[in-house]
Every structure is written in structure tokens, then in C-alpha cells.
Ligand code: HEM
Ligand code: SF4
Ligand code: FES
């Protein structure tokens, strides 16, 4: 195995993007969507998640370490590509470029978001509840920052699902890859809706 | 364009592997049905640039002149392709010729594609049939399989797919699409199949198949229409299975 370290790291990077990070992302946006049903619903759902047994162990092994690995190797992967969409403007080449572009945006967004919420809660400066997010998102600048951040992350996840299916040799034929493109567009639209709907709820109370 | 009496070439030249590249313009008398190479041959006959100065003839590589050897590949008006198969009548003027940027320049339009041959070695893109005695005829190949494998066998190591790939560059060690597809070709062969795991392990070495991130330019640009991205996905599946066999152990891991 040792002599195939690079291969192994890249496959792990690909796997982590979906399991657990992608699963966590969808779960996170769905749970947050409880905000749409009212302040109490959100507080109950978020409180349930925060009250899971061994929550810190879960967070470390299901979220922090996988994202850290994926992000560090991800930045390296971004660095070694020489994007050439100007010369070769094919659809998949653009997706390749956007996968890298959204990776970087997502990194900035996640770092800020975690600092502003989880770390502040951990330090005891803030409390996990509806008004924390309301306070952040009623600022129009932060609303736009979050909007871009959420769309970028969801795009990265959805398009990542497509390339995950190729990296693992699931979609081989051009036809199956085409259908996977359509399916991942649908994933992008649905998950984006869930995320953005929640942002609007926090920002405008509707 | 057919009425024109001269054509103009702007050629990126380089005197040796270490020296700096520079551009030189040439006017060449027009003939009907010229390809880019016949234009270069005119320059070789009369190496005088557009300013009327005598200069060294432009160097380029070629062999088959019918798009099967790949030696004459260069970047023509921004697109990497074979200069023997590129017709002047179908090009915008002036015609810009550059060496492919993925490979080290030897001189003018000649590049060193050795890395492609190293890549073929890494994935063992051949069928070992040598023995100390006559091994006899090999197993037969199903006709249906032969048909798609034949498509893969058209690769001429021209380098166009490496030139188009955003992951093949001097910052990355990725060997490029061509060799990945060749591993599939030889693994499809009934005799080659006996060494399939060796090729798969070669694909898993550093710079191997994991360097692909599915930009899929290769399949768009390959002059031979090789289904490179299908090959890559097929080899992704095969290497993953091989990796599991290697790790957990399997009687079929050989
Ligand atoms: C919520 C966070 C994230 C999720 C859900 C996620 C998910 C994914 C998925 C599913 C893939 C596809 C893997 C494959 O091609 O097989 C992927 C690829 C990628 N990710 Fe992420 N990712 C996240 C964060 C990041 C961050 C912060 C970066 C850092 C810049 C990053 C950089 C990349 C890159 C460069 C690729 C392309 C890898 C390749 O094509 O070989 N990702 N991601
Ligand atoms: S796969 Fe196609 S583009 Fe790539 S080297 Fe072979 S013939 Fe050239
Ligand atoms: S000379 Fe052989 S491909 Fe052009």
C-alpha cells in the first residue's frame, strides 16, 4: 500500500467529499431548514443535534478531520492544475474549473462560518439558537456572503458527486455520465433551495 | 482565401532547449490544397523571413504524413493537432505555429515526447510473450471486444490529449490520458490480460490514474476519436478493485 500513497490519498479525498462531508452538508442544511417552521422548531432541532451523545467525538471524526484532510489536499490539487478554459471551453472543463473555484470560496466561507458560530459558542461568547443566526443574517452584507457561500458549497458538492461517480468507476459510459450530469444538476437545485430558503427565513423572517 | 498568392506563417522558434523562444514571420507562395507541412517545406527551401533576412530553416518533426505517427503534432492557431493533416485552406491567416507547451522544446517546433514513452513503461503497455520455448497460439479474442479494442489501439502517442489536459503540466506529475487508455487496451487483450494486475499497479503508482480530475478535454481533442474518458472511468473501476484485492488479499490479486 505504501508505494501507492498518492493514489490512496486521492481516493480518500474523493470518498471523504461524499462520506461523511457531503452527507453532513445535506443533513446540516435540512436540520437548519427547521427555521422555516418557526424559531421554536429550529431551536429544538439544533438543540437535539448539539445534545447528541459524544457530540465532540462525532464532530471531530465526522466533520473536522475529514474536512481538514479534504481541504488541505484540495488546495494542493487546485494549485497543481493549469486551468485552460479559454483555449478549451468545453462544458466539463468549465466544471473542472468551477470545482476548484468553489473549493476555495467554500474554504473561506466554512472557516468564517465555523469561527462565527461553533467557535464562539464553544468559547461561551454566543449561544446556539435562532437569534444567533438571525443576528448574523439580518446584516445584508452577511446575507450575501452566506448566500454565495451556501451556493458555492452546494455546487462543489453536487458537481463533486458527479466526479466521485467517475473516480470510483461507477459511471463509465458517456451515456451514464450524461445522466449523472442531469441528476447532479437536480441535486444542486434541490439542496440549494433548502439552504437558501433557510437563509431568507433568518434574514427576512419570511 | 483560395485567390491569395501568398500565405503568412508566424512561427514560435527556439534555437536550442535552453535558449529563449522568439517569433519569426514568413511569407510563403500559395498553392492549392497545401497542408501546414508543405508550407514548412517551402520555408526550408527558401529560409528567408518576412523582413527579407536569410535565417536558419525552421525545424519540425514528421514521418508518416498521414496522421498515424503523431510526430508532427504542434499548436496551430491555438489548437494542438497534426501539421500533416491540417489544410491551409481551412485556417485563418496568419497561421500561427507553436511547439506544444506540455513538452520540452528540442528546437523550433520539435518537442521531446519522452515522458509519454515513460508513461507507457509505467503502465507496462505491451504484452510479454517471450519465453524459453514456443508458447503456442494465444487465446482468441471475441470479435465484439476486438472492435472496441481496435479503437483504443489507434493511439499514436501524439501528445495532443496531454497538451489539452489542465492536470498535465510542470507542477504535476500526472502521466496524462493516453497511457491510461493504453493500459485498458492491453488489459482487454486475452494474452495481455494475464498481466492485468501489473498494469493496474502501474496505474496506481505516483503520477498515475489518480492525477485525473475529469476535465474531459482529452476526449474532445483526440484526433483519433479514442474514448479516453470511458477508458479512464473503466481503469478507475479496475484500479479500485485491484487496490482492495491488494490490501485485503485475494487469490485473484496476481
Ligand atoms: C462542505 C465542504 C466540501 C464538500 C461537501 C466537498 C465535496 C467534494 C466532493 C464530493 C468531491 C468529488 C471528489 C471526486 O472528484 O471524486 C470534491 C472534490 C474536490 N474538492 Fe471538495 N468538498 C468540500 C470542501 C472543499 C474545500 C474546502 C476544498 C479546498 C479548496 C475542496 C477542494 C476540492 C477539490 C480541488 C476537488 C477536486 C478533486 C479532483 O477533481 O480530483 N473541497 N469535493
Ligand atoms: S489518445 Fe489521442 S490525443 Fe492522446 S496521444 Fe493518443 S492519439 Fe494523441
Ligand atoms: S507526420 Fe505522422 S502524424 Fe503527421
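Quick reminder: no glycine exception, Cβ is built from N, Cα and C everywhere.
What TrEMBL annotates here:
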type: BINDING; residues: A:28, A:70, A:113, A:156; note: heme binding site
type: TRANSMEM; residues: A:12-31; note: transmembrane segment
type: TRANSMEM; residues: A:51-81; note: transmembrane segment
type: TRANSMEM; residues: A:93-115; note: transmembrane segment
type: TRANSMEM; residues: A:141-162; note: transmembrane segment
type: TRANSMEM; residues: A:183-204; note: transmembrane segment
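Feature map: annotations from TrEMBL on the structure.
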residue: A:28; record: heme binding site; DSSP (3 states): helix
residue: A:70; record: heme binding site; DSSP (3 states): helix
residue: A:113; record: heme binding site; DSSP (3 states): helix
residue: A:156; record: heme binding site; DSSP (3 states): helix
> Among A:28, A:70, A:113, A:156, all listed as binding-site residues, which has the most CB atoms within 10 Å of its CB?
Replying inline: A:156
>> For the transmembrane segment (A:141-162), I need the partner stretch with the highest count of C-beta pairs below 8 angstroms, choosing only from A:12-31, A:51-81, A:93-115, A:183-204.
In response: A:93-115
>> Same chain, not part of A:28, A:70, A:113, A:156: whose C-beta falls within 8 angstroms of the C-beta centre of the heme site? Give them in sequence order.
In response: A:21, A:24, A:25, A:67, A:106, A:109, A:110, A:153, A:157
> Which listed stretch (A:12-31, A:51-81, A:183-204) has the most C-beta pairs under 8 A with the transmembrane segment (A:93-115)?
Replying inline: A:51-81
>> Using a 6 Å cut-off on Cβ distance, which of the binding-site residues A:28, A:113, A:156 come close to any atom of ligand 1?
In response: A:156
> Which value in Å gives the longest Cα to Cα span across the heme site residues A:28, A:70, A:113, A:156 as recorded?
Replying inline: 18
